[in-house]
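Student: Below are the features listed in TrEMBL for this protein:
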type: TRANSMEM; residues: 6-29; note: transmembrane segment
type: TRANSMEM; residues: 41-59; note: transmembrane segment
type: TRANSMEM; residues: 71-95; note: transmembrane segment
type: TRANSMEM; residues: 102-127; note: transmembrane segment
type: TRANSMEM; residues: 133-154; note: transmembrane segment
type: TRANSMEM; residues: 166-187; note: transmembrane segment
type: TRANSMEM; residues: 193-214; note: transmembrane segment
Amino acid sequence: MVITSIRVIVGIIGSAVCVLLYAVPALTFKRVIKEASVGEFSCLPYILALFSALTWGWYGFPVVSNGWENLSLFGTCAIGVLFEFSFIIIYIWYAPREKKKFVVLTVSLILAILCMIVSFSIFTFHTHHMRKLFVGSIGIITSMSMYSAPLVAVKQVMKTKSVEFMPFYLSLFSLLTSFMWTLYGVLGRDPYLTAPNSVGCFTGILQLVVYCIYSRCKEPPKALNDIEQVIINLDVATSRREDTNGCSLNSKA
């Protein structure tokens, strides 16, 4: 009884932190709306997050879970679906045609897969245990994909030497969310929640470490061509300075 009460409290705290995690990208999309361009930002993490929220929302629904034992999970995922759909719609609106086509096709694919998951879990399996086994196993795969998505941002940060593409609060709330849901899964003896969120803790720590290393770089990231242009300009300026100094010495002589 005590463990159940603690689990409920952890679930509430985890839900609150998770909602904050879902809301953090609003800062990024505020910038997208202001600039009317998606720039170098990728929509893939938001698509994977949508798929994960849909899958785990179905896992927490009473058809799969035993009653409302995972009410906190279901409620959090429902809010997450609203956030992710909103972000994806904004991305599609401001993305160029090629990116727009890719996002629409990818979202259509994950919705089709979700329909198949729902159909199989309802009509093929007839006990909560088997449904949790089926949906939970798929949930682990989707969560692994979602938690591996930030590694793209980590690669971008290491390449550009700038943390612009990996906001600090997004990494922080990702770690906190993973930790809370890992604890929630441990208290409920639910391996389907514990396993993927344990991986999320690792990727969250990795993001924060990379952020701490590269946050000292104050200059905004530049494209390779821009860097080359700066070097060329410096060489020209240096040559002109040397020519000027040479002329001055000759005139003095």
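Just so you know, glycine gets a Cβ as well, placed from its N, Cα and C.
Caution: TrEMBL annotation is automatic and unverified by curators.
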Student: Within the same chain, where does the transmembrane segment (166-187) have neighbours whose Cβ lies under 8 angstroms from its own Cβ atoms, ignoring anything closer than 6 residues to its ends? I mean 6 or more beyond.
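Tutor: For the transmembrane segment (166-187), the list is 3, 6-7, 10-11, 13-14, 17-18, 20-21, 24-25, 27-28, 72-73, 147, 150, 153-154, 156-157, 193-195, 197-201, 203-205, 207-208, 210-211, 215.
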Student: I'm a bit unsure how to read this: which one of 41-59, 102-127, 133-154, 193-214 has the highest number of Cβ pairs shorter than 8 Å with the transmembrane segment (6-29)?
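Tutor: The stretch with the most contacts is 41-59.
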Student: Who are the long-range neighbours of the transmembrane segment (102-127) in its own chain, taking Cβ under 8 Å and residues 6 or more past its ends?
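Tutor: Same-chain contacts beyond the ends: 43-44, 47, 50-51, 54-55, 58, 63-64, 88, 91-92, 95, 134-135, 138.
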Student: Who are the chain neighbours of the transmembrane segment (41-59) in space, where the CB to CB distance is under 8 Å and they lie at least 6 residues beyond its ends?
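Tutor: Sequence-remote neighbours of the transmembrane segment (41-59) are 22, 25, 28, 32, 65, 70, 73-74, 77-78, 80-81, 84-85, 87-88, 91-92, 95, 99, 103, 106-107, 110, 113-114, 117-118, 121, 132, 135-136, 138-139, 142-143, 145-146, 149-150, 152-153, 165, 192.
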